[in-house]
C-alpha cells in the first residue's frame, strides 16, 4: 500500500520516501518502463528529479528516476510495472515529467529541529560556497574570506540542483560552509503541486483564487485548506461561492475532499481551454455608460481580432460639421468633447452640452482625493478608451448635472498631478500585434475655471484625450499566476499571458 504525504499519509511506522509512505520498500532504480492506467511510459535516462517531504520536523529527500508523460496525472494515481504490480504512486512533477518515488539514488534524511533547508537551481557555469552561487573566481575569494572564521553549529542546509551535478552544503550563522556533498548526476527540481491556504483569515479569498489559478496554469495540483473555525468544509464552500467567476474555468477540474481537520481541493488542467486560468484580465473596454473589464472569453475574441488584423490603424480626425441643437449621437458628442477639450477657460457652474458616451467620461472629485482617485481609476478608464475608439476624460465636471465644478489646488500640487497622470499612462502595458509598436498617444490639459467677476483662479478642470491604440492596452498585469520551481506563485506578464493563448 502507498500513502501520499500530501493527503496526510505519513506514518512513522511505515517505509518513508519523498512524498510517500508505503508498506513495501521498492527499489525504483531498476525500472526502465512504467505503466499508469495501462499506458506505458519510458524512464528518462541519465536525468533525475530531486524530491522531498517535510513531515513531523523530518526531511526526506532523494534523487529519483522520472518518466515523461504529456497527460495530467493526479497525486495518488497508481504506478505499475509491466507485469501489473503497483510499484508507487504519482507524487512530484516537473513540466511533463513525473517522479517515481521509492528507493532512489542519493538521499538525505534529516531532523529539522533547529535547522532550515533551502533548494536552489544551480546555474550553468556557476560554483557554490555555502548558501551562494556565483562564477568560480568570486566563489574562490568568498571561500578564502570565510576560512578565517571559526566554524559554528550548522543552522541551514542548501540543496543545489544542476544539469550535470547536484550538491548539498551546510552553513553556520555567519554563512561559513561547514560540509559539502556532491552527486555526479544531473537533475531538476519539481514544480510544487501542493499549496496550503488558511481560510477565515484576512485575504483568504484572494489567496484561494490565486492558488487555483496558479495550479491550473501549472498542470494541476492540490490545495490543502485549514481553518481556525470548526467546520473547515463549510467555510471553504462559502469562499468558493464568493469566487464563482472562476468556476467557468474550474468547475469540471475541481474535487473537494474532507479530512478530519482540513480539506483538500484536487485540481487538474485539461489543457483544452484556449486561455489561462485568470482571476482578472485587466483588459477594459468602453461602453456608453461604463468602463467594463473583459472576461476571458471577451478578451480572447478581442485579442484574436487584433492578431488577425495585425493591429489597428489610427482613427481619422473628426471633420468640422454644423449640427443642430439637441443631437446626441456618438459622433456629435465626440465633436462637442473635442471643442470643450480645446477651450482656454471655463465658467464655474456652466452646463456642458454633452454627457457620458462611448468616447466621453465625466467625473468630479475634491482636491483632497484627486491624486488617490487618479491612481485608482485612471488606468482602467484610459485603457478602455485606448482599446475602443479613443476618448476624453474630464475631471471636474459633475457626472449627474453635467455642470463645471473643477478642483482648487496650488501650482505645485498641479505639477504633481500632471506627473502622476504621465506616470500612470506610461505604465500601462501594451501587447503589440503590429510592426510599428507605437506608444499610447494622449494629451493632457488643465483648463482654468473662473467664477463670475474673478480675474485669477486656482480652480481647474483636468482634460485628458486618449487616442485609439494600435494594439491591446492593459490597465495592469492580468491576475493570472503559475508555480515556479521554487514553490513561489508568479504572475504572468501581459506578453507572457497573451503568448499562452491558443488562438
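Using N, Cα and C of the backbone, Cβ positions are placed for all residues, glycine too.
The active site, proton donor feature in Swiss-Prot is assigned to 15; the stated evidence is sequence analysis. If you look up Swiss-Prot, you'll see 136 marked as active site, shared with catalytic histidine of dimeric partner. The active site, proton acceptor annotation in Swiss-Prot covers 140. The region 'Poxin-like' annotation in Swiss-Prot covers 1-236 and rests on sequence analysis. Here Swiss-Prot flags 237-503 as region 'Schlafen-like'. The site 'Substrate binding' feature in Swiss-Prot is assigned to 58, 103, 147, 167, 180, 182, 184; the stated evidence is sequence analysis.
Annotated features, which come from Swiss-Prot, shown on the structure.
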residue	record	Cβ within 10 Å
15	active site, proton donor	15
58	site 'Substrate binding'	15
103	site 'Substrate binding'	15
136	active site, shared with catalytic histidine of dimeric partner	11
140	active site, proton acceptor	13
147	site 'Substrate binding'	10
167	site 'Substrate binding'	18
180	site 'Substrate binding'	14
182	site 'Substrate binding'	13
184	site 'Substrate binding'	8
Closest of 58, 147, 167 to residue 184 (site 'Substrate binding'), Cα positions, recorded sites only: 167
Integer average pLDDT (0 to 100) for the region 'Poxin-like' (1-236): 91
Cα-to-Cα gap, residue 147 (site 'Substrate binding') vs the residue listed as 'active site, proton acceptor', nearest whole Å: 11
Rounded to the nearest Å - Cα separation of residue 182 (site 'Substrate binding') and residue 167 (site 'Substrate binding'): 4
Cα-Cα distance linking residue 167 (site 'Substrate binding') and residue 140 (active site, proton acceptor), given in Å to the nearest integer: 17
C-alpha spacing of residue 103 (site 'Substrate binding') relative to residue 58 (site 'Substrate binding'), in angstrom: 17
Shortest C-alpha distance to residue 103 (site 'Substrate binding') - which of the recorded positions 15, 136, 180: 15
Mapped DSSP class for residue 167 (site 'Substrate binding'), helix or strand or coil: strand
Residue 167 (site 'Substrate binding') to residue 180 (site 'Substrate binding') - Cα separation in whole Å: 7
In three-state DSSP terms, the structure that residue 58 (site 'Substrate binding') belongs to: strand
